[in-house]
Amino acid sequence: MTDPQIHLDLMPHGIADEFIVGVDEVGRGPLVGDVVAAAVILPKGCELLLKDSKKLSESKRELIAHQIQQEAIDFCIATASPDEIDSLNILHATMLAMKRAVEGLNNPIKKVLVDGNRCPNVPYECEAIVKGDGKVPVISAASILAKVHRDQQMQVLHEAYPEYGFDAHKGYPTKLHLEKLSQHGLIPGYRRSFKPVKNILQLLEKI
């Protein structure tokens, strides 16, 4: 749905330090839209109050995301599209988005720290940390950037299709979302390989 990479490099040229990268993703569960990953390099001694994005209010997430973008040495936000999700499956599409995020960084990388239990296929030392978004600040920063970016996608979708309520459910398969989907049918961006969407498609084929 979007450019698969958005990145910013704030590191002065000529500095050859290798950096620790934090990576996280958002959007594996929704029925619609991209899966989004972010990779972040923070400066040493960064004093941002970071925590798991899911534990922050939307307004607080947006504020901290702006601060991260201002203070990060480098960051990249990357996506895998609904078509890629349907083609690859959600796990492999998520790994692809993470790989794109890491590859979008423009600084030397020493190690990659990923939230979860699996690392993407990147040519660096990589450690997966279960619940890392609540334990490791640089992963928390990636979680916040990814969450804010995906929520912004859902707001754009809400403005185009307000009858679906994307501003409320963010694309997740809530009761409200399933009711709206049954009522209004599919629009571009739905993940056709996901069971609730498949069910709607099968019902439409019978009409």
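In case you wondered, yes, glycine gets a Cβ from its N, Cα and C as well.
ASP115 is the only one of ASP115, ASP151, ASP167 that Swiss-Prot places in the divalent metal cation site (with ASP24, GLU25). Considering other CB atoms within 10 Å as the measure, the emptiest surroundings among the binding-site residues ASP24, GLU25, ASP115 are those of ASP115.
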